[in-house]
Amino acid sequence: MSANEDTPPPTEKPDDDGSGATGGKEEDKQEDESDLNFLQRLLAQLKPPTASEGVEKEKPEQLLEEVTFEGVANYIKKGKCKNIIVMTGAGISTAAGIPDFRSPGTGLYDNLQKYDLPHPQAVFEINFFQSMVLFNQQSNPEPFFMLAKELYPGSFKPTISHYFIKLLSDKELLLRNYTQNIDTLERVAGIPQEKLVEAHGSFHTAHCLDCVKEYSHEWVRDEVFADKIPTCPDCKGVVKPDIVFFGESLPPVFHRCVPQDMPKCDLLIVMGTSLVVQPFCSLVDRVPATTPRLLINKEKCGNQPDFFSLLMGGPASGFQFDSDDNYRDVMWQGTTDDGCVALAELLGWKDELLNYVKAEHKRIDEANAEAKKPSAPEKKGGDKEVGNSSNEGSEAEKQNKEASNL
Ligand SMILES: [Zn+2]
């Protein structure tokens, strides 16, 4: 299992070679040598494994015919994987017009100046949102709900990347989609709920922070759009969408699915995430050692050596794109929509994917136009209602069109 299986444990001394060396000096010498060996072995374990030692001997079986994008496509095409796990981040939603709002400098935070936040991320910190009786701190959920109004799901259309994952699901190749996104575009794209792990929660449901009563996202949205802080009619507690704030633990479904799914994964596709948020980013190391891993992202990432793993003499963790020993990690650099179209093309699914995107976007636009009609009785709730800004819609369309013109 570990890279140092062939190295005796550090405490083991060399066997008596039967040379009859029994003199005190000889013994001292042997003692010194074993101490030296011990130190050498220890140092060897502390050193990162290199191409010429350790890891190479234990290189797991290479499942890809070639460690390239084409190699991954052929692997899928030849039916060698049936349990694909797709991990996604903000990058798959940017083409829909959703800003990466967790990062300062997106413009969204400028609107929050008046709230005098200690720092921009405070808006997503549970201690800031929720009153802390212990510290006699005032709760301040207002900035979050102001930001939520601008980000509210229902304003955006899923991207090509979302529909590519839906296609994997339709073709019964998708084991699970782990997403860090809270925009619910996976649900809008029709990825079945049982195939979805929203690792950072979502706006889909909400709970009263005091009495834990559940509220629908429609109810919360109506409150937010009426510029009210959603407040539990029963107990007057603040009702918070079930998105994971900084300082909160990940939803139970994440902890339930990870140990079941990861050992079964026969292809890992990571898209649109810079893999910096734990524990999400460590999942790439939870799949079997033979499992090919494809990263579709604007920047190369996830190849940081895990210091702890190196210290323990274990194999290097994270992606190994540039390693001489790389036998399974493939990087496709660019937007996730472009990457999905490129992969779909190699798989012979390109037309199917783009026609599907076109039909779904048309359906969504029509539903929105219907909802916006003055004669419409009232705004309909539900996941399928999207696009309350024609400007955002056309921008997303433009980008999706650009992607399809590859
Ligand atoms: Zn309540």
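Backbone N, Cα and C atoms are what each Cβ position is placed from, and that goes for glycine too.
As the structure is a computational prediction, the values presented were derived from the model and not from experiment.
Annotated features, as they stand in TrEMBL:
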{"type": "REGION", "residues": "1-37", "note": "region 'Disordered'"}
{"type": "DOMAIN", "residues": "57-350", "note": "domain 'Deacetylase sirtuin-type'"}
{"type": "BINDING", "residues": "90-94, 100-102, 180-183, 273-274, 297-299", "note": "NAD(+) binding site"}
{"type": "ACT_SITE", "residues": "H200", "note": "active site, proton acceptor"}
{"type": "BINDING", "residues": "C208, C211, C232, C235", "note": "Zn(2+) binding site"}
{"type": "COMPBIAS", "residues": "365-386", "note": "compositional bias 'Basic and acidic residues'"}
{"type": "REGION", "residues": "365-406", "note": "region 'Disordered'"}
{"type": "COMPBIAS", "residues": "395-406", "note": "compositional bias 'Basic and acidic residues'"}
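Positions of TrEMBL features highlighted on the structure.
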residue	record	DSSP class
A90	NAD(+) binding site	helix
N181	NAD(+) binding site	coil
H200	active site, proton acceptor	coil
C208	Zn(2+) binding site	strand
C232	Zn(2+) binding site	coil
T273	NAD(+) binding site	coil
K298	NAD(+) binding site	coil
Q: Tell me which binding-site residues (S93, N181, C211) have a Cβ under 6 A from ligand 1; sequence order is fine.
A: C211
Q: Spatially speaking, which of the recorded positions H200, C208, C211 is closest to S93 (NAD(+) binding site)? Use C-alpha to C-alpha, please.
A: H200
Q: Taking only the Cα atoms, work out how far C235 (Zn(2+) binding site) lies from A90 (NAD(+) binding site), in Å, as a whole number.
A: 35
Q. From the centroid of the CB atoms of C208, C211, C232, C235, the recorded Zn(2+) site, which same-chain residues not already listed sit within 8 A by their CB, in sequence order?
A. L209, D210, V212, K213, D234, K236, G237, V239
Q: Can you figure out which of H200, C208, C211, C232 (the recorded positions) comes closest in space to T273 (NAD(+) binding site), comparing Cα atoms?
A: H200
Q: Find the shortest Cα-Cα separation between A90 (NAD(+) binding site) and the recorded positions H200, C208, C211, C232, and name the residue that gives it.
A: H200
Q: Measure from the Cα of H200 (active site, proton acceptor) to the Cα of every one of the binding-site residues N181, C208, C211, C232, K298, then give the nearest.
A: N181
Q: Quick one: pull the CA-CA distance for C208 (Zn(2+) binding site) versus N181 (NAD(+) binding site), whole Å only.
A: 22
Q: Could you tally the C-beta atoms, other than its own, that fall within 10 angstroms of the C-beta of T273 (NAD(+) binding site)?
A: 25
Q: Between the Cα atoms of N181 (NAD(+) binding site) and C232 (Zn(2+) binding site), find the distance and write it as a whole number of Å.
A: 26
Q. Which whole-number value in Å describes the distance between the Cα atoms of C232 (Zn(2+) binding site) and K298 (NAD(+) binding site)?
A. 42
**Q.** List of residues, in chain order, with Cβ under 8 A from that of K298 (NAD(+) binding site) and at least 6 apart
**A.** G91, Q333, G334, T335
Q. Looking only at A90, C232, C235, the binding-site residues on record, which one has the least crowded Cβ, with the fewest other Cβ atoms within 10 Å?
A. C235
Q | Integer mean pLDDT for the domain 'Deacetylase sirtuin-type' (57-350) | A | 86
